[in-house]
Amino acid sequence: MLQSQWVKVRSHVARLPALVERILYDPHFPLPIMFCLILAEIVVNYFIINRIKYTEIDWRAYMQEVEGVVNGTYDYTKLKGDTGPLVYPAGFVYIFLGLYHLTEKGTNIRLAQYIFAAIYLVTLLVVFDIYRQSKRIAPYFFLFMCCASYRIHSIYVLRLFNDPIAMLLFFISVSLFIRDYWGLGCLFYSFGVSVKMNILLFSPALLLLLLVRHGILKTIYHLIICALPQIILALPFLIKNPVGYIVRSFDLGRQFLFQWTVNWRFLPEDIFLNRYFHLSLLVLHICVLLLFIQYRWKCMIPPINWTLSSKKQKNLGPNQIILPLFSANFIGMCFSRSLHYQFYVWYFHTLHYLLYAIKLPFKLLILGIIELCWNTYPSTNWSSGLLHLCHCILLYQMWQSSIYYPMCFHINCNCNSVKENQSKKSK
């Protein structure tokens, strides 16, 4: 009897290495590590909130801006706080108006921190869901998405910026796109834009995906879904001062302060502020986007349906949706006029997917250097230069990555280079 039990114990122990290997490396089995990381993050966030001092940067200004609305001011040009005028769309006002009332007019900072900790945990759950559906990322890589980044935890629970809320809404939209709920996904995407305009960096890829999935007519329908929330949410402000609202909330030419830049510290301030420099970055941004659309994204998705008929709709797999969206945003970050410290959250949770999609032996080193650059305060010539170097390496490797070949997605494609490679292999 004892001998048979001992044999069973030994057999279970013998299977442990295989189980551990599966938990760490099998992209189809990520739930155990995800569950453990969520539990760990609850503890980490509680510790940070209770042991590390809160830093006031924009929270008080947010509360002052929405307090103007509470007092009956709907003219956007008259809404302002300590840091300047209100420069975010109407969705920001409604969300922070809710936080204003929940936190006793913004005075209960500790409660606000716990609310943002909850936002962080929900964001992780949604991002984990996206990665789980991609079935491309080894679960051990999630370790570097969670407890390893001081700057990300700081942005969420020590600074209380609006950027995390916008990104949560965007990630929810991606999760819905993957499940083929494009209408609802466009609604959440629009809500994200209404909190902060950085979400528009994903829009070139989203437009391409809508055209491929739905054709022209249904794409127009989904674009209307994107536009309607912007109009409805802004209606009280548009009625009062339409020009003031549009100029303030969608000011694409707003000047950034040199003292806060993370990515252009090595430039002289006069060049940093120069409009021709900004224009050159915009041109480069558009050119690189067009190159990726024509020579990379089109090799991993079906051709666009340019007819008015919606009968030729094409299903898209998770990675055909995730990669163009994350790539478009990363390209925008590479050519940004300025990156401030809170902007790290714009692409942090996407970097792990992009890094895992490339063949690079020192992926973790790139991730570590990027983290170091964002943690260097104030930024230096070296930290800005290293950040650009990492961006260039990642962008080049993304261009070279075999993930764009159609065999990775089991679809047909008219990419000539792929056909040539396949014909060579057959010979």
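Yeah, the Cβs are placed from backbone N, Cα and C, and that goes for glycine too.
Annotated in TrEMBL:
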type	residues	note
TRANSMEM	29-49	transmembrane segment
TRANSMEM	86-102	transmembrane segment
TRANSMEM	114-131	transmembrane segment
TRANSMEM	165-182	transmembrane segment
TRANSMEM	188-212	transmembrane segment
TRANSMEM	219-239	transmembrane segment
TRANSMEM	276-293	transmembrane segment
TRANSMEM	321-341	transmembrane segment
TRANSMEM	353-374	transmembrane segment
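Using the rule of three or more Cβ pairs under 8 Å, pairs at least 6 apart in sequence, the transmembrane segment (114-131) is not in contact with the transmembrane segment (219-239). Taking residue pairs at least 6 apart in sequence, the transmembrane segment (165-182) and the transmembrane segment (321-341) share three or more C-beta contacts under 8 angstroms. Beyond its flanks by at least six residues, the transmembrane segment (165-182) meets 95, 119, 122-123, 126-127, 129-130, 133, 188-189, 191-193, 195-196, 198-199, 202, 209-210, 213-214, 222, 315, 318, 321-322, 325, 345-346, 349 of its own chain at Cβ-Cβ distances under 8 Å.
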